[in-house]
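Here's the structure, in structure tokens; my notes come after.
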Amino acid sequence: MTTLPTSTDRKLGLVIDLDTCVGCHACVISCKGWNTENYGAPLADTDAYGANPSGTFLNRVHSYEVQPANDAPAQLIHFPKSCLHCEDAPCVTVCPTGASYKRVEDGIVLVNEADCIGCGLCAWACPYGAREMDAVEKVMKKCTLCVDRIYNENLPEEDREPACVRTCPAGARHFGDFADPDSNVSKLTAERGGMDLMPEMGTKPVNKYLPPRPKDRDRSEDVDILAPFLEPVAAEPTGFLGWLDKALTTMPGGKS
Amino acid sequence: MHPAPSVILFSTLSGLGFGLLAFLGLGVLQPTGMGAFIWFFIAYALAVGGLISSTFHLGRPERALKAFKQWRSSWLSREGICAVVALLVMGLYAIGAIFLGTHWTVLGVVGAVLSVLTVFTTAMIYTQFKTVPRWHNITTPAMFLSICIAGGALLAGQVTLAIPLLILAALAQLAHWVVGDKALEASGTDMGTATGLGDRGTVRAFEPPHTGTNYLLKEFVYVIGRKHAAKLRIVAMGLMVVAPIVLLALTQLASVSGTADHVLAALAVISHLVGVFAARWLFFAQAEHVVGLYYGKR
Ligand code: SF4
Ligand code: SF4
Ligand code: SF4
């Protein structure tokens, strides 16, 4: 059924903290790894070792530079992007087969790959580029919110969260239920002014982005108070190092 | 948007085919026997040929039948159903005309409406996408429908109808270009709203997420040939409307008759078809999907 549920019991999703993301792409790799080995068709790579490598990913990290108008220092912002599990998901209603659907119990947007005809319309409908047609399997792939981890009783408790969240070394991704006002994600969103991407598209994304804290001033000229202690103690080496330095200098080619 | 030849061919051919079916159904021309067979054969070859070509762009064409299920929400599903019903109804009508020499008026009118409706559903597949502002306005269905009807009249040999209808189609196509060229700006979506960072300053794409290309860039950020767009528009308009009108006008001259008439009319149809193909290529190639903004492109 590709009509959307009027409401879902829970609203599972991610909070992505643009202030903390360091742009390491660890979530990209863990997502690719988990989703290639588990739920659904593996994520293809074509010409992986050739001149034009290309592949399917469910999560990608962009980097943007923001230049404030008042000549304040520019900011570099790393920007992870995966499916936002929209409440009013246009990708679901366009699907002619019912392969794309939004779950009533937790709001996760999924693709039933056995029904997908690979028409690509859902990817056209998504403003965020969260869906990619797999070049080998010819079916639509998208973030599953790691549905095969979060409920998986075969995994240790601490691993029952999305692979990208579990992996992030900076703690920039948080997973939880937005329908519960006391959940970690609801609190973070409220405290830090979590925002929607392209709100004008009317998709009502569940995932929220925490804006980066503004830089108050240019810190590039700052000197750390410990810096003086890092000055070299002796400019010229003495003792054994002095001998080694001399010996190496006298060797052929050593003077260069 | 990537201009997939199978999809362009589909909308061009089946648009013309359903246009002709509409004129046959309305009884504007009422052939019987062998004549009817030829007319219906041409219309079905175009409509069905287009539909078959559209399945080539599916990743999994073997599952195409599943696409009829979700008519409640999906325009693609509605298009499939509408096309099949239109072809069935017009098939019955054709049987009457070919074998029984009768024209079942009510059936024909229903078939004609369904044929035009099919083209409307095709147009709505594109119009529905908020993500492609160039398509998300009324000029898209206006353009698809007027071209379908003008092409139908032209192919049905209705000279006096075809000339004004072609002019109408040209106006709709022009409106689509004029409105479309401003649509992305007018939509208010830019890198600022895409990233949510717009109110902090000017957002610039610093590094893309991947070094190579990917599905998103290939499918949605197609920029090849955009620089020739102005020239192609002139070519498309010339072939689609101007040349057919001139050729049709020539057939009206008293000195031209018989075979020459038919040759001119055939040339008009071919020119129109090539023109529509070029215009449809532009329809895709010039369409900007908002996902390009994440890459600092459009
Ligand atoms: S982010 Fe895109 S794919 Fe995910 S639910 Fe929203 S529209 Fe659909
Ligand atoms: S590509 Fe698959 S999931 Fe997407 S709209 Fe087409 S059939 Fe549905
Ligand atoms: S939730 Fe899972 S599938 Fe979605 S981006 Fe994270 S790792 Fe990938």
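Using N, Cα and C of the backbone, Cβ positions are placed for all residues, glycine too.
Because TrEMBL annotations are produced automatically, they should be read as predictions rather than curated entries.
Pulled from TrEMBL, these are the features on record:
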{"type": "TRANSMEM", "residues": "B:7-30", "note": "transmembrane segment"}
{"type": "TRANSMEM", "residues": "B:36-59", "note": "transmembrane segment"}
{"type": "TRANSMEM", "residues": "B:80-100", "note": "transmembrane segment"}
{"type": "TRANSMEM", "residues": "B:106-126", "note": "transmembrane segment"}
{"type": "TRANSMEM", "residues": "B:138-155", "note": "transmembrane segment"}
{"type": "TRANSMEM", "residues": "B:161-179", "note": "transmembrane segment"}
{"type": "TRANSMEM", "residues": "B:234-256", "note": "transmembrane segment"}
{"type": "TRANSMEM", "residues": "B:262-283", "note": "transmembrane segment"}
Other than its close neighbours in sequence, what residues sit by the transmembrane segment (B:262-283), given a CB gap under 8 Å and a spacing of at least six beyond its ends? 3, 8-9, 11-13, 15-16, 126, 135, 147, 151, 154-155, 157, 166, 173, 176, 229, 232-233, 235-241, 243-244, 247-248, 250-251, 256
If we skip the immediate neighbours and take only residues 6+ beyond the ends of the transmembrane segment (B:106-126), which ones have a Cβ under 8 Å from one of its Cβ atoms? 11, 14-15, 18-19, 21-27, 47, 75-76, 78-79, 82-83, 85-86, 89-90, 92-93, 96, 132, 135, 140-141, 143-145, 148-149, 283
Under 8 Å Cβ-Cβ from the transmembrane segment (B:7-30), and at least six residues away from its ends along the same chain, one finds 39-40, 42-51, 53-54, 57, 83, 86, 90, 93-94, 97, 103, 105, 107-113, 115-116, 118-119, 122, 144, 147-153, 155-158, 161, 273, 276-277, 280-281, 283-284
